[in-house]
Amino acid sequence: MKVGIDAGGTLIKIIQEQDNQRTFKTELTKNIDQVVEWLNQQQIEKLCLTGGNAGVIAENINIPAQIFVEFDAASQGLGILLKEQGHDLADYIFANVGTGTSLHYFDGQSQRRVGGIGTGGGMIQGLGYLLSQITDYKQLTDMAQHGDRNTIDLKVRHIYKDTEPPIPGDLTAANFGHVLHHLDADFTPSNKLAAVIGVVGEVVTTMAITVAREFKTENIVYIGSSFHNNALLRKVVEDYTVLRGCKPYYVENGAFSGAIGALYLEK
């Protein structure tokens, strides 16, 4: 069995390959000792690690492991997944939306990191908790899917009520900027959480589009653990990317790009 692991700040992503079959699993980083114990019980032919906590795992296992830079691993794994899922892109920006967000440009040969922002899954969980008192990520994202942002976010069309706006009316003019106009509204937890996911998705997309224009590509690929159980975030980034004139791509199992890539990089 071959194992690739991306040990991130919040989640540990694990892929196992055996008999041409690939299986995926995740574990919370706070349970890293359990992952180490599991690894020490397996018959592993090849073990490759990446991510901020890769060194912690390597120091506590009884089998040899190779460690790779997470940006290179993510790019390698993403290329594999894009090919497997039928996407033939000459170049692209990829946004890895984990606890925070890292932005990269792939020119057809190699990747380079071109930016990063603190907006991502950490904001969804942290700000989401402050607004709802919900700590469980699945419960939080489940609730957000049914939310309505209309009384919370100020859209361009809300400003240009009787006039044709100079930019698309569905663009957000101010996240949470409509709240004071609707103080009599019922701001349900679902609505507030949907607005949190909205601002995360729009900030990530805006930054991705900015660097895409800088590098003269229209292709933006979105990956990362923040999309898990979060159809709303995927819809926000896809719709907003199209609205801003670029082409969005979502990759199934994209959160495992680093784990897959580590397994296929060679030292």
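Cβ from N, Cα, C; glycine included.
Annotated features, as they stand in Swiss-Prot:
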type	residues	note
BINDING	6-13, Thr99, 121-125, Tyr137, Ser225	ATP binding site
ACT_SITE	Glu70	active site, proton acceptor
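Feature map: Swiss-Prot annotations on the structure.
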residue : record           : contacts (Cβ under 8 Å, 6+ apart)
Asp6    : ATP binding site : Ile12, Lys13, Leu49, Thr50, Gly51, Glu70, Ala73, Ala74, Phe256, Ser257, Gly258, Ala259, Ala262
Gly8    : ATP binding site : Thr29, Gly51, Gly52, Asn53, Gly98, Thr99, Ser225, Gly258
Thr10   : ATP binding site : Leu28, Thr29, Gly98, Thr99, Gly121, Gly122, Ser225
Ile124  : ATP binding site : Tyr137, Leu140, Thr141, Val196, Ile197, Val200, Ser226, Asn230, Leu233
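Of all the binding-site residues given, namely Ile12, Thr99, the one with the smallest number of surrounding CB atoms inside 10 A is Thr99. Classification of Ile12 (ATP binding site) by DSSP places it within a strand. Fewest other C-beta atoms within 10 angstroms, among the recorded positions Glu70, Gly122, Tyr137, are seen around Gly122.
The DSSP secondary structure for Thr99 (ATP binding site) is coil.
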